[in-house]
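Q: Let me give you the structure first, and then I'll get to my questions.
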Amino acid sequence: MTPAAAYTNARPRQERSNHFLLPASLCLNGATMIASTMRVSVVVLILTIAYFHTALSVQVTVGVVYTAGNREAYSGTVRQILRLVNASDDYGTRNVTLDIVEKDANCSSENAIYNVINSFRQQDICNIVVINNERKSDEGSTPCSFHNENDTSLLALFVSRPSRSGVLLNSGPGVMNLYPEPIDLSKMVIDTVQKYRWTSAFVLYDKFADSYRTLEQFLNWAADRDWLLRVKEIPLLSRSEVDRRELRSLLLQIRMSREVHVILMTNSDIIVTVLEKAVHMQMLNYQYQWVITSLNGPLGTVPLEDYEFSGARMTFFHPNFELGDDTRLFERFVIDAMLTVVNTAADMVEDTGGEDQCLLHTYATKVEFEGYSGTVAFDKDGIRDNLQMDLLENKGRELRKVGTWSSVHGTNLTSTFNTSFLTNPVLGGKKLKIITKERHPYVQLKKNADAFELEGEERYEGYLMDLIRKMALHLNFTYSLDILEDAHVGEKQPDGSWDGMIGELFNYRVDVVLDAVSTRSFRLEAVDFTEPIEMSGYYLIMKRPSKAIPGIFQFLAPFSTSVWIVIGCACLLVAILSTVISYLDPYEWHQLAKRGEVKPEEGGNWDFLNSMWSAWGAFVGGGAEFLPCSYAGRVLSSTWWFVILVVISSYTANLAAFLTQTRLEETVSSLDQLANSKFNYGALARNTIVQFLVTATDEPYKSVGNHLKMNREEVLLDSRDELLDKAEREKFVFIADAENAFTIKEERCVLMTVGEKFFLSPLALMLPRGSPYVKEFNRLILEFRENGFMDILHNRWFRASGKCDSVISKSDQSVLDLESFAGLFYFMLMGIALTMLVMAAEKVWFMRQEKDKKKSDLELADRNGAKDGELEALRA
């Protein structure tokens, strides 16, 4: 519940003095007189109302001190209470408005609280709220403290845990402590235990818990009553982590002592771990009673639904159960500290008219209201007075109020606890003998079982282990678990008996077979099945196909051959049209050169070869060497450029997909494809599906069955591992049950399952025929299915990623390798080779042209009668 709800649910003050309502009545009488006599103006009435409202209201400035970094945790709560008080017309606070000034204090420095409060007093702020949720783990550390000696106008409300020594940390005139003192909490436990008529108990504590501060006083009072209390410290690895192995030894010691009363003095973080271990130790049933002293215990911390049918009796203490929410205890005290200021200010306004907010301290010891942490009242020393708690006990998955405790009247039980509805009448208190076998992912050894030296069934985990533990918790039974090696389900023998695990049930040597077994009709002769817990089926398992080698011209794949042909023809057409325009258009290069407007050599800028070069340059992004001069040429070029823009964009978008796509080798995904493929295939000879396939009369099952019959010795094997090895080495498909999926995920990364699951059949637990437990198991399995627990198990154990998933994801990343660009590099080599040939041809052509030119020059010179010296120079 939010602070808004907290403020709304807090009970309004029960008494207000009559003069508090007097101004309103006076105004109403005055209004009546005005209406009747018309002697006084409306303006005078408004001024009168405003005067009385102002005279009987007060604005209180509260200084809020946060220690140990608590501003982030509690500033939001303080500010929300501030907004609600200032906006509320309920709760009798319309004559009180609040303002806050926030500061931080570091408890590591000496006189930290005193210095901050002194700074507030220099600002004429008399009313202080100190929020100090500081948990010190060192025995010798000095907690934050404050003692007021001379300030007679101070009201300081402290929200802080008391010291372990019992010494009052914050004291003096005007100092109020919201947190209950250890002596009161000790008395609460003593009175309750005495009301239960206990004379002995085990007390389990941890030194970090709030309730540890109450332990010494509690033991002293217990000694005065001659109670036999055996006190044990809960073994911890850290503040919030329990040493489970040592905890098991501790609980075993309690169980061996035959003591059935346990007082748990620990914080909420540890409570759940202790109770979980107590379930496995058969100590959370109708024989035991637990008193849990943590005030945060009933605030949503303990999962009561897990102990609904355990028969366990647990007693909790709650500061205000009627509010019905799970707000943590410390935040409740923060809310009540702010509400204490509000109620004190309201009392002061009633008596004095709100003349001075520094008078609140004189009313603090007189205030009393129902707050979020119960009745809020203080004695003359500023300690919580008339402290009250609700006593709660578990009823199924809920808590119910069974009594109250107060520091004045002690414990008063208002109802009698009845455990008959908590204990399952069939399985409650029973110890079942269960057998199972190690089978992934149903029952498997924990990876750290040896490292942590785990024992018994705690060494195992899996789908069925989680299921049976949950069922034992709800049906209040315990069990012994025997893990069998090389166990099989069982078959009927010629003499009518059964072997395997069914044989154990058939002879009533065990109570439950913890294995997910297919519910076949012939097995019903010997056993009873529970409701299905999973749906089984068969998969096709084959070697994971490798990538096919990409083609050398894969870079051309984004477009079809016809598209490439059309693009080439378009390029040729644009070149021809550009040439025609150059020769016919009077404003193009050729015509301009004829008229002498440009150089003669520029007249060939758009001949056919140059036009072809410009069209190709635009296509590959190189740009045109010469731009057209005429508008007709520009229109043609612009049109071609736009077409090229769209073509290149489409090519680029598709090229990435074609280069990164994986072309796989041949695969199959169904029995129909398998029957018509070149793959060899087989199955485990003892699987039920083999009998179905070899006797099938419908396709494709008949074809698959005929193949199995004809190649029985080769493809119907008795070893699962041999079939998996065969699938790894050969072009072989293993028709396998779903159990192999886990092996593929964790061990055989080169294999994969293909297609959808087929030949479905339900899986269930087996119990002896006629077992009285079947009905209870079925009811609980249906309940688990309805509340989603079965889906949680399925996702946890069947859909979780395995070792192979990470390996495959890394290897399947779309990384472009050399083969993807092979064709492009071949194209580049072809271009380089063509370049060299063209260059050689150009060189030969040039040399030939030069030779012809010299020959013509000699002939011309000879005809013109050149001298011998000149002719020799030309020949050279």
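Every residue gets a Cβ built from N, Cα and C, even glycine.
Note: TrEMBL annotation is automatic and uncurated.
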Q: According to TrEMBL, Ser518, Arg523 bind L-glutamate; so which of Asp306, Asp721, Asp725, Asp737 is the extra one listed there?
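A: Between Asp306, Asp721, Asp725, Asp737, TrEMBL records just one in the L-glutamate site with Ser518, Arg523, namely Asp737.
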Q: Are there residues of the same chain, six or more positions away from Val668 (site 'Crucial to convey clamshell closure to channel opening'), whose CB falls under 8 angstroms from its CB, and which are they?
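A: The answer is Leu540, Met542, Leu674, Ser677, Phe679, Val733, Val754, Gly755.
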Q: Based on the record's binding annotation for L-glutamate (Ser518, Arg523, Asp737), what whole-number value in Å is the widest Cα to Cα distance?
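A: About 19 Å separates the two most distant Cα atoms.
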Q: Suppose the L-glutamate site is Ser518, Arg523, Asp737. Which further residues of the same chain have a Cβ inside 8 angstroms of that site's Cβ centroid?
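A: Along the chain, the qualifying residues are Val489, Val517, Thr519, Arg520, Ser536, Thr688, Ser761, Leu763.
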Q: Return only the integer: C-alpha distance in Å from Ser518 (L-glutamate binding site) to Cys804 (disulfide bond).
A: 28
Q: Let's see if you can do this one: DSSP helix, strand and coil counts over the domain 'Ionotropic glutamate receptor L-glutamate and glycine-binding' (441-507), in that order.
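A: Once the DSSP states are binned, the domain 'Ionotropic glutamate receptor L-glutamate and glycine-binding' (441-507) shows 24 helix, 14 strand, 29 coil.
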Q: Looking only at the domain 'Ionotropic glutamate receptor C-terminal' (431-800), what is the mean pLDDT?
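A: Computed over the domain 'Ionotropic glutamate receptor C-terminal' (431-800), the mean pLDDT is 84 on the 0 to 100 scale.
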Q: Enter the number of other CB atoms within 10 angstroms of the CB of Asp737 (L-glutamate binding site).
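A: Step by step: centre on the Cβ of Asp737 (L-glutamate binding site), count other Cβ atoms within 10 Å, giving 20.
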